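> Structure below; questions to follow.
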Amino acid sequence: MKSFGLCLFILVSSPCLLQANLSSDYYTKTCPEFEETLVQIVTDKQIAAPTTAVGTLRLFFHDCMVDGCDASILVASTPRKTSERDADINRSLPGDAFDVITRIKTAVELKCPNIVSCSDILVGATRSLISMVGGPRVNVKFGRKDSLVSDMNRVEGKLARPNMTMDHIISIFESSGLTVQEMVALVGAHTIGFSHCKEFASRIFNKSDQNGPVEMNPKYAAELRKLCANYTNDEQMSAFNDVFTPGKFDNMYYKNLKHGYGLLQSDHAIAFDNRTRSLVDLYAEDETAFFDAFAKAMEKVSEKNVKTGKLGEVRRRCDQYNDYKG
């Protein structure tokens, strides 16, 4: 299985918001069937491959948190240039997520060629899939252009990892213009995620503590050790971030943290740090508060550092620039 641990992939670049020319009805006249087509394709794909929702949400974060929502993550590497897609942290991005974007783009190009950007497709698909698995409706606007650059060297240092300290994680969020409250809400996406064993093996196979970390439920730790016993020989071995309702977008992730079911080191940190604990408690008790905060934070992320006008293009193929010569 591919890793779907969302791991707080956070932007370090300028926090300014560029919302120029974005609107909810951007394609009403130029491609009126866009949203209907998108919803039908994501519905069919999610039914056929239930991990599509979490995979696409992860793809959204890995795109938008590195220089904005500009579909740079979709560009394939060439002999001359290694793209973001092949950065170390992106190599486990799920094929189903790329596939659903390609399917939507192909269908939309047949109806209205050279109109709808790949970045708008990714944002729209993520919104629809979150709702499909029980999550809140995220208000999104359209009008983004696709990036003219995708460079793997721009990724490192902009995406946080699960073994980082809370100080480090918070500083990354703050550098991107996101508050601690928004950070805690966005991490709730772990409610439908799962992670490779290698991402939490150091917690459960600690030689100094045979029963697992003291903050982890001992029975949970024991089950994880069984599941991941062969992880060094099978890199695809994974565990759900939310062991109780892994396919449903709800507030169970936060409830789990309060009872020792946090999978990643960053999960434990966010549950007990003085700066974040009260928010974890709030979202564990009040799912409506979590949904509202998550939707607003997602909307903010989706509109950060948007490319418009000559800063981008509408790609004919999401994995290639329009001037690609081979």
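Every residue, even glycine, has its Cβ placed from backbone N, Cα and C.
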> With the disulphide bonds as Swiss-Prot has them, who is the partner of Cys112, out of Cys31, Cys64, Cys69, Cys118?
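Disulfide mapping in Swiss-Prot sends Cys112 to Cys31.
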> Identify which of Cys197, Cys318 is listed by Swiss-Prot as the disulfide partner of Cys228.
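Checking Swiss-Prot: disulfide partner of Cys228 resolves to Cys197.
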> According to Swiss-Prot, Asp242, Thr245, Asp250 bind Ca(2+) 2; which of Thr191, Thr276, Thr288 is also listed for that site?
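Of the residues offered, the record points to Thr191.
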> Say a student had to find the N-linked glycosylation site annotation in Swiss-Prot: which of Asn90, Asn163 would be the correct pick?
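My reading of Swiss-Prot gives Asn163.
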> What is the interatomic distance between the Cα atoms of Cys112 (disulfide bond) and Asp70 (Ca(2+) 1 binding site), given in whole Å?
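Spelling it out, the Cα of Cys112 (disulfide bond) and the Cα of Asp70 (Ca(2+) 1 binding site) are 20 Å apart.
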> Within 10 Å of the Cβ of Asp63 (Ca(2+) 1 binding site), how many other Cβ atoms can you find? Include all protein chains, please.
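Around the Cβ of Asp63 (Ca(2+) 1 binding site), 28 other Cβ atoms lie within 10 Å.
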> Which one is it, among the recorded positions Cys31, Cys118, Asn163, Asp242, Asp250, that lies nearest to His62 (active site, proton acceptor) by Cα separation?
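Comparing Cα positions, the closest of these recorded positions turns out to be Cys118.
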> Cα-Cα separation of Thr245 (Ca(2+) 2 binding site) and Gly68 (Ca(2+) 1 binding site), in Å?
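Rounded to a whole number, the Cα-Cα distance is 31 Å.
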